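Quick look at what TrEMBL annotates:
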- 12-29: transmembrane segment (TRANSMEM)
- 36-54: transmembrane segment (TRANSMEM)
- 74-91: transmembrane segment (TRANSMEM)
- 112-137: transmembrane segment (TRANSMEM)
- His117, His121: Zn(2+) binding site (BINDING)
- 149-167: transmembrane segment (TRANSMEM)
Amino acid sequence: MDESNQNNGLLAFALFVYAAVVTAMYLYLNNPVFHEVAYGILAAILFLLPPVQISYIKSNYSQHATKISNLWKIYVYGAFSFLAGFAIWGIDNNFCETLRGVRVNIGYPLRVLLEFHLWWHLGTALGTYSSVILITYLRHLALGREDIYVRWVFGVFPVLTSKLTYIEIRKLLKRGKDD
C-alpha cells in the first residue's frame, strides 16, 4: 500500500473514531453544548486545513498555477457561507422570542425569511459542500488530473467537471484499476 493510501486509511479511521466517541459521549451526557463544541472542532478543521493544502499545491504543482485563484474562491465561498450561517444561528439563539413574534405578525410567505434556523442549516450545508468540493478538487490536482475544472452553476454553486468525455473517463478509470 502506498503512503497516500495509508494516510487516507488513517484519516478515515481517525474520523470514524472521533464520530463514534462524540456520539457515545453525547448520548451519555445529553448536553447540547458538548455537541456544539464537537461540531465546532470539525468546522475548524474544514477552515484551517485547506489553506495549507492550497499552499502545498501552489508550491509543488506549478502546472496548476492558473487554478489557485479558483481554489481560494471556493475556500472563501465556503468559509463565508459557514460563518454567515453561524452568525445567523447566534442571532436566532439570542432573539428567538422576538423573531417568533415578528414572524407571527408578518405571516406567510415573508415569515420564512426570518426562519433563521433554516438559514443556519443552509449556510452550514453550503460551507460543508464547498469544503468537500475543494478537498476533492485538491486531490484531483495532486493526482495530476489536468482535465478537472470548476464550473459555477448559476454563479453560486461550485461543481467539478471534466473536459474528458464519458468514454475517456471510463478508460482512465479502467487503467487505474489495472495498475
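Using the three backbone atoms N, Cα and C, a Cβ is placed for every residue, glycine included.
Beyond its flanks by at least six residues, the transmembrane segment (112-137) meets 43, 46, 50, 53, 70-71, 74-75, 77-79, 81-86, 88-89, 91-92, 99, 102-103, 106, 148, 150, 157-160 of its own chain at Cβ-Cβ distances under 8 Å. Residues 35, 38, 42 of the same chain lie 6 or more positions beyond the ends of the transmembrane segment (12-29) yet place their CB under 8 Å from a CB of it. Around His117 (Zn(2+) binding site), the same-chain residues six or more apart in sequence whose CB sits under 8 Å from its CB are Trp89, Asp92, listed in sequence order.
For His121 (Zn(2+) binding site), the number of other Cβ atoms no farther than 10 Å from its own Cβ, over all displayed protein chains, is 14.
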